[in-house]
């Protein structure tokens, strides 16, 4: 009588991915009975031991071991999922791999480059705008300063006039110098001259 084999569910024991000219991912499963291996790309099953467009699958089974390798000859789309699934009648075990395109790093570099260029262009536009507005700003400042200076001069000249008028009214008349007076002042002066003579 043959000994009964103990049934073992499929279990993933090893997996790896490498990128050279092509992307290669491998999965190794163990189980009794020997698990079957199925690859899924973006939710779609990939054919076993054959070519499927840009995908090539190679599988080998030896005793309780099942090994499978998938090769991608083209770069995957951004965020594409690759699933390696091993199963037998006692269970299923799977590994999901998120594929990232090398182009995605280029997209990030392009984004950063565009961001830097945008900042430089914005700086240039702001500088040109400032240079265009600078004459208007200077003109406005000079007008304000001229108004202030005119107000100060007017204030000073009114003070000077007031002090000169005060001085003139306090100065005694010099003999023989003509006196300029208004009509009412000249009448008063005439009356004073007549009384004196």
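Note that Cβ sites are derived from N, Cα and C of the backbone, with glycine treated the same way.
Of the candidate ranges 97-117, 118-138, 139-159, Swiss-Prot annotates residues 118-138 with the feature transmembrane segment. Residue ranges 60-79, 160-179 are listed, and Swiss-Prot annotates 160-179 among them as region 'Disordered'.
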